[in-house]
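Trainee: Take this structure, written in structure tokens, and hold onto it; I'll ask about it next.
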Amino acid sequence: MVCDIYDALPVEIWIHIIELSKEFNLLLTNTKFIKLYYLVKTHKSILKKIVKNGYFENLKYIIENRIIVITNINDVLLLACKYGNLPIVKYLVSKGADICAEQNSPIKNATYYGHLDVVKYLVSNGAKFFGSYSSAIIIASSSGKLDIVKYFVPGKIYFCLEMEIALVCATENKHTNIVDYLNSMRSSYFDKCFNFIACLVKNFLPSIYVY
């Protein structure tokens, strides 16, 4: 049916219709319309729309058939991580996208926008925050993503400067659930430290005294 509609009008008319109406979704309806991509003045808009709405099959088709020549596939990966579309993220990585591009921006995007499934995938494939996950906790705390904070905070954690910054960021942004969680983890950590030191004093220090 869509093919019949396409054939009913000259290409030039369809281009004018799409540009004037801004109905760019029409380009995604079938393979004939998508071939108008380079004739319509909406390159960035349509690619962003494809990724944002999770049109995986459309993206796959236009890339593999070279309907769209993507000069930097990492830019598309950043969009996919921002909008949290895991199938598209996996596909782009399989096509050579760098999960550590632009100083690990893919995982930063996924963390900030709260896409835990994408974060887990990127971490499992080697994505890092400059060698540690501390910066991830700061980003997740700032944006209010408790599930991601919990993912990055290990069971035994050393509350160094980054953790204190995360607590400040969560407080300033009024993410009380994260503030409560980080405070509880901090209390738990210091309790463990106190018990460890008490045990050390009780069991080892008396033996080093000289009488």
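Placement of Cβ uses the backbone N, Cα and C atoms for every residue, glycine included.
Just so it is clear, the model here is predicted, and its values are computed rather than measured.
Sharing the feature lines straight out of Swiss-Prot:
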REPEAT    31-61  repeat 'ANK 1'
REPEAT    72-101  repeat 'ANK 2'
REPEAT    103-131  repeat 'ANK 3'
REPEAT    133-162  repeat 'ANK 4'
REPEAT    163-191  repeat 'ANK 5'
Trainee: Could you count the residues of the repeat 'ANK 3' (103-131) that DSSP puts in helix, in strand and in coil?
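Mentor: Within the repeat 'ANK 3' (103-131) the tally stands at 19 helix, 1 strand, 9 coil.
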Trainee: Under DSSP, the repeat 'ANK 5' (163-191) has how many residues in helix, strand and coil?
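Mentor: DSSP classes over the repeat 'ANK 5' (163-191) add up to 26 helix, 0 strand, 3 coil.
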Trainee: On average, what pLDDT score does this prediction assign to the repeat 'ANK 4' (133-162)?
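Mentor: Its mean pLDDT is 79.
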